[in-house]
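Trainee: Structure incoming, see below.
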Amino acid sequence: MPTKFAVLGSGGWGTAIAALLAQNSEHSVKLWSAHPENAAQLNAARENTRLLPGIKLPDSLQITDNPADAVADADCWVSAIPTAYLRQALAPFASFRTIDAPVVSLTKGLEIATFRRPSEIIRETLKTENIAVLSGPSHAEEVARGMPTSLVVAAHDGGLASWVQHRFVTDRFRVYTNGDLVGVELAGALKNVIGIAAGVCDGLGFGDNAKAALLTRGLVEMTRFGVAHGAEPATFTGLAGTGDLITTCFSPHGRNRRVGYRLGRGESLADVLAGPQVAEGVLTSKSVSERASRSGIEAPIMTGVYEVLHNGKPPLAAVQDLMTRSPKHERV
């Protein structure tokens with residue numbers, strides 16, 4: 001019997017994962033779009049012309065804008081909805097949970113008002129504990145083109161992580177298991193904030209020395225913040241932490257790095273955010289900075305990103321503040 005997947009969210013990442021799963025003849029896959037016009041375009045063109053141009057979707061991939069149709073008889077739900085819209089978008093699906101099908105979250109970010117991680121929003125909205133998180137260094141366009149990619153799937157239930165692993169893995173898509181769901185989610189959210197800082201570094205024209213220091217100390221902040229919230233420190237040295245951080249900070253494809261780069265070049269935040277894709281780090285920086293301040297967690301880089309994004313501090317002034325802090329002993 002084929003495994004029936006319902007992929008919720010037809011952005012670049014949702015489309016890429018739906019296509020990946022549909023390439024396996026043992027899977028039956030439906031991709032849900034919240035927008036009827038988008039679903040119609042995907043069906044007509046058989047490609048995501050806006051976000052993944054030139055990449056044809058498998059003929060077997062079904063596309064719908066009907067929530068009930070999308071999840072009907074699904075063995076596994078895959079959520080690829082941005083954090084800011086996740087709670088609202090999932091609400092209509094709660095009534096269709098006739099069986100407790102596992103939910104795999106692809107979302108990286110934190111809910112501003114509540115500081116909830118995506119898996120917590122899913123748990124509250126869909127009333128399920130049957131949740132896994134798939135994360136790591138993964139640009140949608142590379143996955144869609146069949147380029148080698150390695151990720152990690154985390155769940156409190158090791159059996160669920162293994163179940164997801166064996167259904168997602170291909171000869172070009174390697175999946176490791178991990179028991180630290182909290183750490184994997186926090187790493188995926190926090191790296192976006194550091195990615196914005198890396199873009200600022202590039203936009204200001206700084207060199208390799210500055211960027212190496214930024215990534216190293218940024219990873220320290222990510223780990224420090226994660227451990228304070230129940231994560232395992234080792235998670236941040238793996239694919240969900242260091243791996244995703246490297247991809248985010250160096251790739252020209254990264255949305256968060258592009259935001260920082262354009263800010264470093266002198267563009268306004270309003271102009272930068274006018275594009276179609278969501279840069280999760282912009283919202284995450286607000287949640288993280290406020291939580292770090294309340295909890296006494298030292299996170300000067302992430303706080304600096306918050307000041308640039310939300311308080312209008314000039315990027316160069318934020319860098320100057322970081323560089324002129326009182327000398328310290330290196331703590332990692």
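From the backbone N, Cα and C atoms, a Cβ is placed for every residue, glycine too.
TrEMBL labels come from automatic prediction, so no person has curated them.
Under the heading active site, proton acceptor, TrEMBL lists Lys191. Residues or ranges marked as NAD(+) binding site by TrEMBL: Gly9, Ser10, Gly11, Gly12, Trp13, Gly14, Ala140, Arg255. For Lys108, Gly136, Ser138, Lys191, Asp244, Arg255, Asn256, the entry in TrEMBL reads sn-glycerol 3-phosphate binding site. For 180-319, the entry in TrEMBL reads domain 'Glycerol-3-phosphate dehydrogenase NAD-dependent C-terminal'.
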Trainee: Which three-state DSSP class does Ser10 (NAD(+) binding site) fall into?
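Mentor: The residue in question, Ser10 (NAD(+) binding site), is coil (DSSP, three-state).
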Trainee: At its widest, how many Å does the recorded NAD(+) site span between Cα atoms of Gly9, Ser10, Gly11, Gly12, Trp13, Gly14, Ala140, Arg255?
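Mentor: Value for the max Cα separation, rounded to a whole number: 18 Å.
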Trainee: Near Lys108 (sn-glycerol 3-phosphate binding site), how many other Cβ atoms are within 10 Å of its Cβ?
Mentor: 29
Trainee: Would you find the one among the recorded positions Lys191, Arg255 whose Cβ has the most company, meaning other Cβ atoms within 10 Å?
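Mentor: Of the recorded positions Lys191, Arg255, the most buried by Cβ count within 10 Å is Lys191.
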Trainee: So what pLDDT does the domain 'Glycerol-3-phosphate dehydrogenase NAD-dependent C-terminal' (180-319) average out to?
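Mentor: A mean pLDDT of 95 is what the predicted model shows over the domain 'Glycerol-3-phosphate dehydrogenase NAD-dependent C-terminal' (180-319).
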Trainee: Between the Cα atoms of Asp244 (sn-glycerol 3-phosphate binding site) and Lys191 (active site, proton acceptor), what distance do you get, rounded to the nearest Å?
Mentor: 7
Trainee: By DSSP, what is the split of the domain 'Glycerol-3-phosphate dehydrogenase NAD-dependent C-terminal' (180-319) into helix, strand and coil residues?
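Mentor: In the domain 'Glycerol-3-phosphate dehydrogenase NAD-dependent C-terminal' (180-319), the DSSP-based counts are 107 helix, 0 strand, 33 coil.
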Trainee: Taking Cα atoms as reference points, rank the recorded positions Lys108, Ser138, Lys191, Asn256 by distance from Gly12 (NAD(+) binding site) and give the first.
Mentor: Ser138
Trainee: Consider each pair of residues in Lys108, Gly136, Ser138, Lys191, Asp244, Arg255, Asn256, all listed by the record as binding sn-glycerol 3-phosphate, and report the largest Cα separation in Å as a whole number.
Mentor: 15
